[in-house]
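Have a look at the structure below, then the notes.
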Amino acid sequence: MFKKFNILLHSWANDYFFRPNFFQILLAFLLLPLSLIYTLVVVCKKFSAQKKDFGIKIISVGNLTLGGSGKTPLCVAIAKNYGGAFIILRGYKRKSKGMQVVARNGEILLDVAASGDEAMIYATSIKNANVIVSEDRKIAINYAKKHGAKYILLDDGFSKFDIAKFDILVRPNPEPKLRLCLPSGAYRYPFSFYKFGNFIACEGQTHFRKSEILNKTEKMVLVTAIANPARLEAFFSECVGQVFFPDHYDFSKEELSEILQSYGATSLLMTQKDYVKVKDFGLRVSLITLEVTLSEEFKKVLAKQI
């Protein structure tokens, strides 16, 4: 019952933030007082922070909005282009606590339940990957520095205002309808905070995505648990249906089997973020692969920071 409510709430929230109807826009404006309080807290946090220099190059890839901006594939592209990175992230919805080394020089040390889905993408996508999950990024940075990191790549690190770093901010495509902070809009930080980014990454300008489907079948049903499934709209016409789950959702084999049966589908169409959680289920999966290439301008900027 709770899972079904969570799925419905996620669907409603996605519409509220990206495709609001009249009543949802009205609700957003009624919630403005709370958004103003939230914004004030964030601004105070930003300007009261004392930056610490860790004596190592740190590049943060973050965004101002709630998920779905393409940070993970961009981090993968950066790490592939510039070796020696230790990738550090929180490991959202993982079942482990504290600092955990997910991969060391390409050797995967944890399963996806302990690492979280995004950390496992890094571990499986990057040759000789070094990946750490930690609620406290400072502990992880010190560990990486001691273990030979050339530079640190912070996934979703913009909010760490007390860490001296080079901030890349990714602008989502599509962007939220209302440029307001939570709960009126999808912005975790005020839209004006783009001015604090050292580099603004925009898909189609600074980097480019190329997607294709591996193991395509005749009747695919799209099943995904990403923050903004509208980014997969180009694949909707190739599927017999679409089923969206909340971001980082923990699938069960039983519910996926039921979806296959109810749609009469021959395979599940999934992103890599979904696939790392279900690859051992023994179900037929068609995989959406994603490759990001960096513009020459972007490469020049990064080369100066590494």
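Positions of Cβ are set from backbone N, Cα and C atoms, glycine also.
Per Swiss-Prot, the features are as follows:
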- Thr65, Leu66, Gly67, Gly68, Ser69, Gly70, Lys71, Thr72: ATP binding site (BINDING)
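Other than the site residues Thr65, Leu66, Gly67, Gly68, Ser69, Gly70, Lys71, Thr72, same-chain residues with C-beta atoms no more than 8 angstroms from the centre of those residues' C-beta atoms, the ATP site, are Asn63, Val170, Pro172, Ala227, Asn228. Annotation for Thr65 (ATP binding site): same-chain Cβ neighbours under 8 Å, separated by at least 6 residues, are Pro172, Glu175, Pro176, Ala186, Tyr187, Arg188.
Under the three-state DSSP scheme, Gly68 (ATP binding site) falls in the coil class.
Neighbour count (other Cβ atoms within 10 Å of the Cβ, all protein chains): 22 for Gly70 (ATP binding site).
A 10 Å cutoff on Cβ-Cβ distances gives Lys71 (ATP binding site) a total of 24 other Cβ atoms nearby, all chains included.
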